[in-house]
């Protein structure tokens, strides 16, 4: 593959200067197009989707030795399973085809490059298991202050292990999917009995997530030094949360209905390798971690993140600016911990970071923290204010890394809150 | 289908009188045989597996109108997705073929009936999501007494909702699969720092689990009265637990590495309908539950359960006798609760009951409760004793329902604890 850091790479394709989807990125997704709704694999460049099946059938991938049917599947799992060696070959070839001076693709671009406005994005992978970590010290501290003991906000285990739990895979949806405000049990502090009603404290959580790129058998551990081999790429992740449902249900076995009504991911999986230029030191960990959680080198990444809320018929308001670098526990530690007991992972599994909050108030990654449980509402452009999310609000998360001329972005993950449905189906 | 309760059904096939797998049962599994290891669907009768593909290719299912390729898949999901109407037709036809006097199958039995000793069982379904409930009042009370406050053992939410959490689907294994004792972080009460070592408090949990038989889209609720339509069948479930790992990690987000190293299920899925004769009243629920958790009719089942431990080169010792009827929250309530916020379910998902303990000490469904956290060790036939599981111990769970001449059993789920592997792969 060309050395991407040496000099700017130029493509013959017209793409916006500030695009998240530069020639350095080339993220993978599953799409259908207006003239062919069949789900299939694509790579994004600027405002185009490269139709990988079409590229292959045009003979432009003939130098690569794998079954091109992997591009015709409804999920990327089979392609991912081919391994990093194949991914690197494909990416090198696609970079070559896009470089200024190469005319192979340029001459057949009509059938192969689909304008993004003609593409519908789908879930990129068939998700086996979904794990959610809790790896931001500031988020865990903020939540601990609000819900437990302000003087001992961080629980005793937090600095010794990357706390995580299993979430619901079936209700992970792709960006753009609206969902209804969930009903649930809510117990007001001043009452003895819970009520059954729609959540009044619906929230987002700003997270990133990595997709497993290589399966392990049951019983095999992944060390921190091996972990990157098992990470295919990253997406933005909105872990929608109903705070009132969650706070009543979560003791002692953790969040359940307060989370599993929906979680949203961005459609383009940014390969881990593209983030190489953005590596950065991790926060210093103290007390010292156990040997299996130690690591060498730079394992955090400098990725700017932001969250906007858009009320119906109004403008966006950016409510949070954060950074993936703030995480106390990095992905390699998360994966080493996850598998240290022999738990197996499969291609397509998702591990989310937990809410990514920084030290400054403006960097808090949830409404819960931004409004301090509703005490400090956020003023909106239309004159209303927000303690938590209102019906018809759309939440949009964006993220990108930039260094000199190299920009690698994630696009966005958005989702709209629809009103709670009328409750029907109660037994007589 | 013949009315199974009217008179004893007799088959021409020689099967043991007390078999779990009577003509009233006909559970489904995925098997391979010594002369054809290809995974495929089977139905069990006595000590035989009916090879459903072979049955179909022999022309004995020609009256049924569905694609028989569903029997050649590596999991039952596609067959299950055909719906209860088809399942009933197939079962009626197989019952007919087995009845005394019918010679259609009898004449071709050689190729179609595989002796179980020549069959290897595999996971019966491709599991999307796995949920574990916590629905035994006695178990929740026992755990609360030991780990929290003996005076307030049951948490405030417990009688208002069927507490549940998401577990790991990837590490669910079929009966007969051995696994290594897990390593993990363990913090002794008298020390400040956690240690990293193999679990010293490895336990079983006696559970049953139901398999989802019909998918829902995101946003759709299942009421208690509809729930049975969504339940395909049941299996025995051993939710192996490392108590020392779990107790350090589980606050605030629930169990993770203390559970996800392995969970074991019995290979034969007993269809819900076969349990019809064993319906029984549920325990009275007080305080009154919210309307969405109310139900009509008998929703518990009288299923005898037992757990045996077998040390290496020794005899089994039965350590627990319990019953599925003890559950405070029934499956219909569990499923109504699970989906009340719009969470979707998919064919093949598994929902486990939580440990099934009764009131008597002998009915406690885990070592934790049976030995009261090690205070009352269990004497074993070889002269040793058990506070928790030792290396090379095999745990065997069995379950069956019996009423008059009708016996429907689950066979067993067994698993052996292998020693912890040597820990390698620590970074220098």
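Each Cβ is built from the backbone N, Cα and C atoms, and glycine gets one as well.
Residue counts for the domain 'Fumarylacetoacetase N-terminal' (A:25-124) by DSSP state, with H, G and I taken as helix and E and B as strand, are 41 helix, 28 strand, 31 coil. Summarising the annotation, TrEMBL assigns domain 'Fumarylacetoacetase N-terminal' to A:25-124.
Annotated domain 'Fumarylacetoacetase-like C-terminal' per TrEMBL: A:131-396, in sequence order. Looking at the domain 'Fumarylacetoacetase-like C-terminal' (A:131-396) alone, the prediction's average pLDDT is 97.
The Ca(2+) binding site annotation in TrEMBL covers A:132, A:205, A:207, A:239. Just so you know, the Cβ of residue A:207 (Ca(2+) binding site) picks up 29 other Cβ atoms within 10 Å once every protein chain is counted.
Listed in sequence order, A:134, A:136, A:139, A:205, A:206, A:207, A:239, A:365, A:366, A:369 are the same-chain residues at least 6 apart in sequence whose CB falls under 8 Å from the CB of residue A:355 (substrate binding site). DSSP gives residue A:355 (substrate binding site) a coil state; it is part of no helix or strand. The substrate binding site annotation in TrEMBL covers A:134, A:148, A:246, A:250, A:355.
The feature active site, proton acceptor is assigned by TrEMBL to A:139. Secondary structure at residue A:139 (active site, proton acceptor), taken from DSSP and collapsed to helix, strand or coil, is helix.
The DSSP secondary structure for residue A:263 (Mg(2+) binding site) is strand. Summarising the annotation, TrEMBL assigns Mg(2+) binding site to A:239, A:259, A:263.
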Of A:239, A:246, A:259, chain B-adjacent binding-site residues (C-beta under 8 angstroms): none
Sorted by sequence, non-A:239, A:259, A:263 residues with Cβ within 8 Å of centre, Mg(2+): A:132, A:167, A:168, A:205, A:237, A:238, A:240, A:241, A:260, A:262, A:352
Cβ packing number for residue A:148 (substrate binding site), 10 Å threshold: 14
For residue A:250 (substrate binding site), nearby residues of its own chain (Cβ under 8 Å, 6 or more apart in sequence): A:256, A:258
Per DSSP, three-state class assigned to residue A:246 (substrate binding site): helix
Fewest Cβ neighbours within 10 Å, where candidates are the binding-site residues A:246, A:263: A:246
Longest CA-CA distance among A:134, A:148, A:246, A:250, A:355, per record bound to substrate, angstrom: 18
Spatial neighbour of residue A:263 (Mg(2+) binding site) that is closest, considering only the binding-site residues A:132, A:148, A:246 and their CA atoms: A:132
C-alpha spacing of residue A:132 (Ca(2+) binding site) relative to residue A:246 (substrate binding site), in angstrom: 15
